[in-house]
Amino acid sequence: MERSFRSENYTGWSCSFVAASKALSKLFITGLEISFQYSPVFRDGYGYQEDYPPQEEDAASDVTEGHDEDDQMYEGEYQGIPHPDEVKAAQRAARAAARAKAGTEEEESLAEEYEAIMEDCGHGRFQWTLFTVTGLALMADGAECFVVGFVLPSAEKDMCLSNANKGMLGLIVYLGMMVGAFVWGGLADKLGRRKCLTMALAINCVFAFLSSFAQGYGFFLFFRLFSGIGIGGSVPIVYSYFSEFLSMDKRGEHLSWLCMFWMMGGIYASFTAWGIIPHYGWGFSMGTEFQFHSWRLFVLVCALPAIFSLIGLSFMPESPRFLLENAKHDEGWMILKQVHDINWRAKGEPERVFTVSQIKAPKQDNEFIEIQSSTGTAFQRWAVRSATLTKQVLKNILSLMSPDLRLSTLLMAIIWFTMAFSYYGLSVWFPDMIKHLQHEEYESKIKVFHRERVHHFTFNFSLENQIHKEGEYIIYMCFVGLQLNYSVKFEDSLFEDCYFEDIRSTDTFFENCTIKSTVFYNTDLWEEKFIHCRLENTTFLHSKKGCHLDFREDNDVLIYLVSFLGSLAVLPGNIISALFMDKIGRIKMIGGSMLISAGCTFFLFLSFSQAAIIAWQCLFCGTSVAAWNGIEVITVELYPAAKRTTAFGVLNALCKLAAILGSSIFASFVGITKVVPILLSFSALVCGGLIAFKLPETREKVLL
């Protein structure tokens, strides 16, 4: 078989050098030994037989015009380099010697072989396409973390939420994501990365859509829980899925670039909330039972990244590493060839041949499942498969504490927990502190009116931030079309022969008041608003149920701006970590970033204004992101393929548990003291940063 040779890449090579390279090729033909069950011939016409001579990655190309099959050399070119890569050959030899000394050569043979194949496939169009698709899934996860926080000020107006209900709604998403990470991480090691990621994103999209239309608090809570369960699987699967298409020298950098999509999710959520939620009129209603306001539209818009990722996944293949680990040699080989061909065609070298014909893969014992495929009813087969799958997932989880993984798992658990506890705790504390400072400033401007005497007067304007004590409002007093904005309170006052119509109120209360011969028509003033009051001959007509409150757009915009700046501040840290992840190593990146972040927390003692808190928030987010990137990269690299998403899922679930604890604890000290949150975050970050230096460095290890 003859193929054209691109002579322009080899100009200047002497005939003697070509002859020498042919001679050397025969010395290198002892490389990849591959145990395929068949000898496929594909539509491009190239045959791959079982007796095809195995060849090494680093052999020079001999695909010249007029060559015979015996003289063909394996094209071990990486990224278009047309000569043997001696550095990689030395690295492989060193790793092989280390395995032989440790007695683990058979265990890691697939890992080394797969690494060589990925180097041959190159890094190009396929990886960048997958980068975008998986990045959108990660972006959806980032947006999900902000959705409830942004919609709470508006949702409480439609659903009349108490403080307890608001707190539960804020935590329910993290609870769902914790369950989702645990479940989907375990399933992805047994069912496949792409399959589980598709199902998880589909669940997120469906329940996010339903939550935007849910009118009651209970249904909204339920739908957000399952939306979180869906999106919770994205992080552990995305990193494992993408990493298995990367060679060792590309892995750290490109996984770090992938982390930027989480930041983009925060920016996307902040920007869209800023542009949509304040426009309360953007929506429609169907009577009094169904309301669709702007915050519900925002919930739908935040589901778009998950939808686009879901569409993109329909064109992506399963991870070939997962297929090979599960003895699906044919499918794995086909996908690897597809990756190879897509990349080299995009680089203008369509003649480059995928020379791998056989791949060693561990044998899998799935007889217990397969034997049920032709016996019993459909339900019985489903029950057996489900029970077996559950046992396999639990067994995989327990294996994380096996002697060879126990230390790594414990160290990673501490690092994940301490980092998440500090990061998510401070992420809640920063905006809550800003709100607290706003509230203090607001209360400092409160107006107090003593012993007002008003009669025959109509109030048709808004009242705000006022306290009326021991007043008398009698004889044809009218309160019409009135807005009682934020902190309007009547104490020890008398209302007699008054008329209230079309009233909307926010934090308005009547305490120890006497109300006689008064009519409340079409108002939201009802029982909860009257504290220890005496009502005589008082009528309530067409009372509005729920909380029909007004908006304070200025404060909303500030909260959106704070979240936007916090997400944007991550950009420099992301770029630095991506550029230096492979140069300084994962361990120094994690430990150094956590210790620097711990130092930044001490500056919070100097924060006495909103601007100062925003500045320190940006600094903290910018310095801590490098630790997050390093943690996610090393989690992928520490665990073997058969346990990778399981381990990532368990650790990510622990991360969400820490987020729940951190946000709850830190929020409880807002307005009381800032010493405890600062000391807690500092201690956690120092502890995690020092423990990180105990981890093994993985930047020069193949993906197990």
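Any Cβ shown, glycine's included, is placed from N, Cα and C.
Unlike curated records, TrEMBL annotations are generated automatically.
According to TrEMBL, the features are:
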{"type": "REGION", "residues": "47-67", "note": "region 'Disordered'"}
{"type": "TRANSMEM", "residues": "128-152", "note": "transmembrane segment"}
{"type": "DOMAIN", "residues": "130-699", "note": "domain 'Major facilitator superfamily (MFS) profile'"}
{"type": "TRANSMEM", "residues": "164-184", "note": "transmembrane segment"}
{"type": "TRANSMEM", "residues": "196-214", "note": "transmembrane segment"}
{"type": "TRANSMEM", "residues": "220-242", "note": "transmembrane segment"}
{"type": "TRANSMEM", "residues": "254-277", "note": "transmembrane segment"}
{"type": "TRANSMEM", "residues": "297-316", "note": "transmembrane segment"}
{"type": "TRANSMEM", "residues": "405-426", "note": "transmembrane segment"}
{"type": "TRANSMEM", "residues": "558-580", "note": "transmembrane segment"}
{"type": "TRANSMEM", "residues": "587-608", "note": "transmembrane segment"}
{"type": "TRANSMEM", "residues": "614-636", "note": "transmembrane segment"}
{"type": "TRANSMEM", "residues": "648-669", "note": "transmembrane segment"}
{"type": "TRANSMEM", "residues": "675-693", "note": "transmembrane segment"}
Hey, which of 220-242, 254-277, 558-580, 614-636 has the most Cβ-Cβ pairs under 8 Å against the transmembrane segment (128-152)? 254-277
If we skip the immediate neighbours and take only residues 6+ beyond the ends of the transmembrane segment (164-184), which ones have a Cβ under 8 Å from one of its Cβ atoms? 141, 144-145, 147-149, 152, 155-156, 196-197, 199-200, 217, 220-221, 224-233, 235-237, 424, 645, 648-650, 652-653, 655-657, 659-660, 663-664
Can you tell me which parts of the same chain pack against the transmembrane segment (297-316), counting only residues 6+ beyond its ends and a CB-CB cutoff under 8 A? 129-130, 132-134, 136-137, 139-140, 143-144, 146-147, 150-151, 194, 197-198, 201-202, 204-205, 208-209, 211-212, 231, 265, 268-269, 272-273, 276-277, 282-283
Contact call for the transmembrane segment (648-669) and the transmembrane segment (220-242): at least 3 Cβ pairs under 8 Å, seq gap 6+: yes
Remote residues contacting the transmembrane segment (220-242) - C-beta distance under 8 A, at least 6 residues beyond either end: 130-131, 134, 137-138, 140-141, 144, 148, 155, 159, 168-169, 172-185, 188, 193-194, 196-197, 199-208, 210-211, 214, 254-255, 258, 306, 319, 632-633, 635-636, 644-645, 648-649, 652-653, 656
Taking only the residues in the domain 'Major facilitator superfamily (MFS) profile' (130-699), give me the average pLDDT of this model. 84
